[in-house]
Amino acid sequence: MTALPPDPNLKLILGSGSPRRRELIGQLGLVAHDVRAPDIDEDVRAGEKPRDYVNRIALEKARTVSIADDEVVLCADTTVALGRRIMGKPEDASQAGQFLRAMSGRRHQVITALAVRREERMWQRDVVSQVKMKALSDREIGWYLATGDWQGKAGGYGIQGPASAFIPWIGGSFHAVMGLPLPETAALLTAAGLPVMEIAP
């Protein structure tokens, strides 16, 4: 969609309760005027592919958040895919352990989709990263689960925490694996007219 001219009066609304995303937008010199995490059905549809799924969820989040005319909402969704298997946020430690065992010694994809809305205009991008997880022992999995770091994270791990010791290689965007690819986020917000990386007068 066509980019809009910059408007210094626009306010950024973060459509996510993720502290990681709040921290990452700060690296662009931005502070969210408000946080409005949408409550939507994130169930996977029958036969839905991982990339289609994550883009649909990001769009639905952006459509759901209520915004004023002087607000821009940024929503994102991240999922982990092993082949066509979608591994979202585990329900408990047992499921997190199942995810880790499935990814042990293999490559998987981390897909983060972005959706930015201003009034009825929408901008969207996704970023696909390849991630290699080393072969994990039962001891390592047990140790990681005991940290509790798996909670609320797609695939049952967070690359910026203790699980970083399990990841010898990434092809793609580190920040996208964290949950918010910064160059793409800056481009979408700029297209929506929100000044990014501006020097204060």
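Including glycine, each Cβ sits where the backbone N, Cα and C put it.
Keep in mind that TrEMBL annotations are predicted by a computer and have not been checked by a curator.
Database features, via TrEMBL:
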type	residues	note
SITE	Arg20	site 'Important for substrate specificity'
ACT_SITE	Asp77	active site, proton acceptor
SITE	Thr78	site 'Important for substrate specificity'
SITE	Gln160	site 'Important for substrate specificity'
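Location within the structure of each feature annotated in TrEMBL.
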residue : record                                     : contacts (Cβ under 8 Å, 6+ apart)
Arg20   : site 'Important for substrate specificity' : Gly158, Gln160, Met178, Gly179, Leu180
Asp77   : active site, proton acceptor               : Glu42, Val54, Ile57, Ala58, Lys61, Thr112, Ala113
Thr78   : site 'Important for substrate specificity' : Val54, Val110, Ile111, Thr112, Ala113, Ala154, Ala176, Val177, Gly179
Let's check the environment of Gln160 (site 'Important for substrate specificity'): how many other CB atoms sit within 10 Å of its CB?
15
Based on DSSP, name the secondary structure state of Thr78 (site 'Important for substrate specificity'): helix, strand or coil.
strand
